[in-house]
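**Student:** Pasting a structure below so you can have a look.
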Amino acid sequence: MSALSNHRFLKMNGLGNEITVLDLRGSLHVVSSAEARAIAADSRSRFDQLMVLHDPVSPGTDAYLRIYNTDGTESGACGNGTRCVAWAMLADPIMSRPVHEGLVLETKAGLLPVTRVSDTVFTVDMGPPRLSWNEIPLRDPYPDTRAIAVDTHIPEHPELQSPSAVGMGNPHAIFWVENAQAYDLTAVGPKFEHDPVFPERANISFAEVVSPDHVVLRVWERGAGATRACGSAACATLVAGARKGLTGRKAKISLPGGDLLIEWRESDDHVLMTGETQLEHEGFFVPALFAGAA
Ligand SMILES: N[C@@H](CCC[C@H](N)C(=O)O)C(=O)O
């Protein structure tokens, strides 16, 4: 029987980005790719990202997070999911413990300090953007210009060329377009996600600048497909927009699921993301879910 059988989970969302939160603190179990896919396949626990809490690793942190996409692959960052985890650690009657309000979470990509703005609104310090080609990562060296633009295109859309590339603990490519609604994400997204220029694949964004402090964004997520919101993509977009002179260092990023406020702080180069979280329901994994999943 899987260690996850009968285990409690929370189904949440961050602006419609579907998040399942699982608390494995106190356990040595590491969710396998097959277990993550099985959890994603069930309608009660369906997710774009599965956020798994483990015991803290580095001194001064409150939990270590493993983040899984729908396809079972792991990511170093998920902004919307991090806000959901913070809510669970502070407000869920079972997951919350008497911790201080200023949480510090850790992922394989680094530290994520979180502060609570109101009951359901949190700010995540997503850290500094990664702008060199080997940190994003890209296949080939690119000079660090005002906005790194990578050479990728698909024949069906000759206008979609040279997206900005930014790492936010995960790889992002941003196309600057006149109308973000004009693209069929399911047709175009996977082609760019798997472009060999991105050795670890990439999250693909279509960004429409409304004004220097407002961008409309649609995102095809690596390993999860079209989602209603992607926090790290919103951060990457603001950074790339500011470097290109299209936006200021603070902007509202409007996604299909709602708005995120993003600030690229001048004093320490960190990117701050503020937005809502919502609890949908709690549940328990039925043992049959993991039949055949190692
Ligand atoms: N939705 C997330 C990003 C999730 C990770 C991504 N799909 C990846 O594999 O890089 C967010 O809110 O940041």
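From the backbone N, Cα and C atoms, a Cβ is placed for every residue, glycine too.
TrEMBL labels come from automatic prediction, so no person has curated them.
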**Student:** Given that TrEMBL assigns N17, N69, G79, N80, N170, N203, E221, R222, G231, S232 to the substrate site, pick the one from Q49, Q278 that the record assigns to that site as well.
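**Tutor:** The one candidate that TrEMBL places in that substrate site: Q49.
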**Student:** Can you name the residues of this chain that are 6 or more positions from N69 (substrate binding site) yet have a C-beta less than 8 Å from its C-beta?
**Tutor:** A36, D48, Q49, S75, E221, R222, G223, A224
**Student:** Minimum Cβ neighbour count within 10 Å among the binding-site residues N203, S232: which residue?
**Tutor:** N203
**Student:** Tell me, by DSSP, whether R222 (substrate binding site) is helix, strand or coil?
**Tutor:** coil
**Student:** Return only the integer: C-alpha distance in Å from C230 (active site, proton acceptor) to N80 (substrate binding site).
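**Tutor:** About 7 Å separate the Cα atoms of these two residues.
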**Student:** Suppose the substrate site is N17, Q49, N69, G79, N80, N170, N203, E221, R222, G231, S232. Which further residues of the same chain have a Cβ inside 8 angstroms of that site's Cβ centroid?
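**Tutor:** Going along the sequence, the neighbours appear as D48, S75, A77, C78, G81, V219, A224, T227, C230, A233.
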